[in-house]
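Structure first, then comments.
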Amino acid sequence: MTFSTNKFGGNDTARNETLFTTGNGNLGFRGDTEEKTGTSHKGTYINGFYDSEPIIYGETAYGYAKNHETILNLPDPKRIELCVDGHKFNMFDEGCNVTDFKLELDEEKGILTRRTDWNFKGKSSISLVSERLVSFTHEDCAAIRYTVTNKSSEAEKISVSSCLDIETGNILAEDDPRIGAKFRHQPLVIDQTYPFGKEMSFISHTQNSGLLLSGGVISLLELDGKEERWQHTSSPVFSNISLFIPSCSSTFTLEAGKSFTLLKFIAYCHSKEDDESLEKLHERTLKTCSDFASLGFEKIKKEQADFLSSFWKIADINIEENEFAASKGKSSCEDALRFNLFHLLQSAGRNGKVSIAAKGLTSEGYEGHFFWDTESYVCPVFTYTSPLVAKKLLEYRASILDKARERAKVMSVKGALYPWRTISGEETSAYFPAGSAQYHINADIIFALNRYLNAHGEQSDFGFDEKLAGEMAAETARMWASLGSFESYKDGKFCINDVTGPDEYTAIVNNNAFTNLMARENLEISARRAGKFASESEKSEWKHIAENMYIPFDKEAGIYPQDDSFMAKADWDFENTPKKNYPLLLHYHPLVIYRHRVLKQPDLVLAQFLLSRRFTLAEKIRNFNFYEKYTTGDSALSHCIMSIMACESGDRAKALDYFNKTVRMDIDDVNGNSRDGIHTACMAGSWMSVVYGFAGFKDYGGEYSFNPQLPKEWKKLSFSLAIRGAILDISLTQNEAVYSLRDSSVPLDLCHRNEKFLLKAGEKRTFSLNPKLSAVLFDLDGVITNTAPLHFAAWKKMAEEEGLKFDENMNKKLLGISREESLEVILSENGADWSEEKKASWCTKKNEIYKESLSTLTEKDILPGIKKLLEDLKAHSVPAALASSSKNAPKILERLGLTEYFTAVADAGRVQKAKPEPDLFLEAAEKASAWYSDCVGVEDAEAGVSAIRKAGMKSVGIETTVKLPQADLRLATTGDLTYEKLLALMED
């Protein structure tokens, strides 16, 4: 379980420094080399250790964020300088030759190893092995073992120095906050350095944030297995701040074939100036460093490996790819997933005082801020793989609740309003339309907390403090209740105006669907979770608001508009936008982007993922298809959600394409910016794509279900989830799903597709994933009977009364569509424009004429072969269901004497959209208690076949009147349709 490279130099230098970062959630080291020459940016970070500085606005206004907050690049304790026979070691000198180079990050041992064979002008030759770890079991500590072997045939003069480099600083990037900082001063003040022999240290404080930092390093030099005294214990060079750079150095002769080892034990401790003096902090740092060094490198390594062994027992994911994947030249997505999970573990705070930065501990990008990404993307991963980490991330939000209360007052709302981006808990977003306006952050936090409580709330080891949860629930709900209002222009519904959803390309809108949906969720959760921290009248009010929340819906399109204005905007001109102009935010003024229909990342589609059971599958399919064409993917948060929803929409190939962009975002440097740090939310999204996407996991409301849909490139997928004190192991192949439970005394209620089951400890349940014929869904006209002549006669009579032309050719266009849609076709063909009242009256009259004609139907009007097929299906206990747009379907079945053969009849009046949308067929499958992918649909119209295919079902096309090339099975007449053919089609 390793990640490695043999590349160095050029663009690879900065990329490697990011990808080979080591960290423990508190302390992080970029993967830069020990020597300074040839590095891109040497980075040392502490999660949440920042300085602040006033934001300078050209024009300001009340409530604007006041201060920047930026994570600091700290003094570098990693630095080691080496000279061989007078030649300074680095890998880029003209006279040097690197014959072997390898960087390897071991995700099971938690160690970064660099191996380098180096010679200078064919004379001096050495082998260097450097091992580096940041301890998961000692949050303030790290260690380096640096071993050099003389590969020359003669003895070499060696000079080596161990430094604590205080001449470091942040990357300054005034124009691009994704990269660096905007400091106008030196944010970290070094108060004193202590270059005392093998022990060196410093103390420092920040300019404005009131934080203190002390760093200590113990350097041990070993030659022939014995510790050597350092010859020099201070730097001969003063730093640019008039302080000695703490260092120790020695010069000695290294015989051919012999080695020396330099060990560095590092401790970086910090506190608030109100909590501890610099002197006390310094004492604590020195003791921490000394205690850590006393363990020795080998014991520290073992502790690291033991910690990670425990982590991987739950977190590991195994994906076995097949020959087809190999033939496409794809490298292992399993390795990439493990790499991503390891970096998430390295990045996530585990003390309840900090969260996880957008770039983790790999760089200063996005200034080290914490966003809503944590709750929506990262928390799900840790909730089910390392619950204590998820708990601590949520505790951070509890720790800044008072700051959120203060922000609510500034923003003239009640309760608490969490900051969109922050470190300390104060809002730091200088651009409020895409920052502070994202009120949904409140709901994102409570939704994540509720997910965690559903999974672990009753487990003593992982239980979240009831008081904290109640306060957070109550205060966030109060914010929503005061933010919106009941509006008559929306039929008295509760509206939330002038907000921004997750999509940052659409800002300051009324009734953003994601925001309103999540606010409703927040209010409902709070009514249940607030307990004694809210009055009963408040809870009743929250329930009332939730029940009357306005959710935008476009009935004609059958989709949920992103907001009140979205459907009125012009489409973005994607065809004429050059690739170099992406991301759009760097090439177009925000107003240009805002006035168009274009998305940076999923918005409504994200809501449909999070609130899965709130939407029908037909809605998810339709909305995914609608919004996909407008989604640029300019945000790294985009691809994983699109992967999950493509999978749920039945397009596994598309889901895999999105997944590959997600899982290898940083490893393959997909966006060309890995040098600036990892994308933690994207890394978390790769896990989500696998678990929520291809495994079909759903956890909404604390109900756990699976609908596995492996891509054809995968032979096997296995992973584990921690739920309610148990470890649930899931193993999936193309043919079966296996669920087993370990470490549990309590059974777990689960659902595989639409089959609920109780899983007990030690039990294993296996479900076949091979398609089986579970139901046959029939259209009516042209499949069961032929009422087309009756429809034609009714339409013809009505048309003649109005003087409209209507003939057989026009009638063919009405196949498979509703009465209302049929009238629209007739009016369009005649160039007629009627009022809605007249249309409704006409449809009613036409239906009355048609219903009168139904009395002529008898069993003789059943199409050939259908009665025999229905009898065979009944004999084999395969349900038959009707999926017809006709509202008269039950009456027709009764007239034909077929009612007893049909388990279910889809209600055409209940679904949102008629054919060619999939609603009717999915409704019929649900009513027949059959899983949709185990159903076959039978149709005689193109719109019907299209609806079946969109529903993810096998289709049979009866080509009596029209050719149906898209059907999976094409038959000339209903007489050719048999039970055996349906069975063969499903098993194909």
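Quick reminder: no glycine exception, Cβ is built from N, Cα and C everywhere.
Asp779 (active site, nucleophile) has a Cβ environment of 30 other Cβ atoms inside 10 Å. The annotation active site, nucleophile is assigned in TrEMBL to Asp779.
The local packing around Asp781 (active site, proton donor/acceptor), expressed as other Cβ atoms within 10 Å of its Cβ over all shown chains, amounts to 25. Taken from TrEMBL, the feature active site, proton donor/acceptor applies to Asp781.
Look at TrEMBL and you will find Asp779, Asp781, Glu939, Asp940 tagged as Mg(2+) binding site. Secondary structure at Asp781 (active site, proton donor/acceptor), taken from DSSP and collapsed to helix, strand or coil, is strand.
Feature annotation from TrEMBL assigns domain 'Glycoside hydrolase family 65 N-terminal' to 5-271.
Positions annotated as domain 'Glycoside hydrolase family 65 central catalytic' by TrEMBL: 338-688.
Summarising the annotation, TrEMBL assigns domain 'Glycoside hydrolase family 65 C-terminal' to 698-758. Over the domain 'Glycoside hydrolase family 65 C-terminal' (698-758) the predicted model carries a mean pLDDT of 95.
Rounded to the nearest whole angstrom, the C-alpha distance between Asp779 (active site, nucleophile) and Asp940 (Mg(2+) binding site) is 8.
Look at Asp940 (Mg(2+) binding site): DSSP puts it in coil. Rounded to the nearest whole angstrom, the C-alpha distance between Asp940 (Mg(2+) binding site) and Asp781 (active site, proton donor/acceptor) is 8. Here Glu939 (Mg(2+) binding site) is positioned 9 angstrom away from Asp781 (active site, proton donor/acceptor), judged by their C-alpha atoms. Counting Cβ atoms from all protein chains shown, Asp940 (Mg(2+) binding site) has 28 others lying within 10 Å of its own Cβ.
Cβ neighbour count for Glu939 (Mg(2+) binding site): 29 (other Cβ atoms within 10 Å of its Cβ, all protein chains included).
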